[in-house]
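Notes follow the structure.
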Amino acid sequence: MSLEGSGSAINSYNDVEKKGGEQAGGHHVSVDPAQDAYYDPSKEKFLTRLGFNFESFKRAPGTTRGLVSHGDIPPEYLQHDNPLLQQKMKPRHLQMIAVGGSIGTGLFVGSGSALGNGGPAGILLAWIIMGVMLINVTQALGEMAILYPVSGGFYTLASRMLDPAFAFAMGWNYVLQWAVVLPLEITVAGSTVQYWVPLAAWITIFMIVILIASAFGTLGYAEEEFWSSCLKLLVVVLYIIIGIVCICGGGPAGGDFDTYQGARLWHEPPGAFPNGFKGVCAVFVTAAFSFAGTELVGLAATETPNPRKTMPSAVKNTFWRITLIYITSLTIVGLTIRSDDPDLYNGSGSDISPFVILMDRARIRGLNHLINLTICISVLSIGLSCVYAGSRTLTALAETGYAPKIFTYVDKSGRPLWSLVAILVFAPIAYINCADVGSDVFDWLVALSGLSTLITWLSICVTHIRFRKAWKVQGHSTEELPFKAMGGEYGSWLGAILIVIILIAQFYIALFPIGGVESAGERVESFFIAYLAAPVMILFYAVGFAWKRTLPKKAHEIDLDTGRKSWLTVEDMRAYRAERAAAPLYIRIYRMLFSN
């Protein structure tokens, strides 16, 4: 149905936080109390809200109704107004998750091997292609998450707008991805600081740290992400400044950068593309890994009070992270470190980080230790992201009937308790790395999740395309949308096409890896290590289809109202945008670049 005829008070934008049975207009609405029981955690003791007493572990009796609605929500949808998860995330948390949340080993360490494979031009080209794709993915995700800040984010929307069986496969694949990455990140953190005590001891310490942070629930994850992102951004900015000085020949006397360097590494052998087209294809997987977790802002939308206010900034900050953080720092990497530098291959962990190598070669004392510390904290940050993303998606799977109902349990502190436990039980797998066969086991564990990130991003683009189609077919105008994706559905088509091209490139490099293979057995192993996630995804889909027997939905069948948080009409939005257009030029420029 079209909403163009309804009247809302635009001056206040009808931002309403639902309490009890009160509807936006002020009259009482009769709802099923079992579905819409109201729970006010502010009346609980401080330790209960924090999650540190026995009472906090009891099931929450209802929703907090902490999400702000805009416009007049119809009474029949009020009972679906809020998820059980509590809205504890503040705007500063969401901004930092968007800007620095996924900065980690993919950039600090993985960029070294990527440089060896693709060369200075290859890594830039691969990251730019991935960046263009990801900007469209986050724009599409932002448009949908602001309108529908539902539990499970993009998984729930894929189930609603595409096909429940496909969403089942994508959701479980996503949960599995984070479950197996968790022990991997713990192991990497341990190997980064493997001094004085054995690796197993460090693994134990880091597991305890992640467990304690997870016990604080959303607030523990959000605060850790905020402060660790501040540190990561500081280190990257320092690296960029120092890199520019070194390239210009301003490094300490006696180091490798006390004379002008310029772009000589692009011209001297082995050149800008040491492995040609195949080298660029090989870099895509590292670039995808470095961006993994960007989609977490879509999951976090349901745990922030007013996504319409905070999400646009988070979405637009993704552009600045990609351009200013990744592209600039990778340009510095390609101008300061040779792609055939032996230090990129001799060692492990932070030893092969081009960030650390630059500081050592320039003879800048102390900063290499700061970078090592940052890498360690980054790895722990990603470990917490594993727990957060995996547990929230598992809870959404249970809420839609695709996982055991026990995983719908949310306690009084807002933690999806059994979902957290289910992800955390994978952490002890990290101890396998202490055995001789540990590296082989981890290769196959990583293979299980190798393509999951790309599959998730592809599903977001396709979901957005179907959403726009349903929105049009059911009589709506894009002017009603509180936030519109920069490229609209064409941006999602571009993102989807780029992802398919990247998947084809990965298929090619899996069959014909750099350096070749000596036997058919090695070729088969190389292929499945790179592409094992594909048959796993197909298996999940087969199970989901056999279980529920669902087919893709037609545009007019898609539910566009349940969980919707913006019911403003075309007239409301035109008045709102006209008021915004009257702001001074500098404010409009700021909003265009950083806000909505």
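The backbone N, Cα and C atoms fix where each Cβ goes, glycine too.
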Annotated range (TrEMBL: transmembrane segment) out of 233-255, 279-301: 233-255
Of the residue ranges 94-115, 160-181, the one that TrEMBL records as transmembrane segment: 94-115
Proximity verdict for the transmembrane segment (94-115) and the transmembrane segment (493-515), three or more C-beta pairs under 8 Å: no
Cβ contacts the transmembrane segment (493-515)/the transmembrane segment (121-142), at least three under 8 Å, sequence gap 6 or more: yes
Recorded stretch that, among 318-337, 415-432, 444-465, 527-547, has the most CB pairs under 8 Å to the transmembrane segment (195-221): 415-432
Intrachain residues whose Cβ lies under 8 Å of the transmembrane segment (527-547), provided they are six or more past its termini: 164-170, 172-173, 176-177, 285, 402, 443-444, 446-452, 455, 506-507, 509-511
Most Cβ pairs under 8 Å with the transmembrane segment (121-142), selected from 233-255, 369-390, 444-465: 444-465
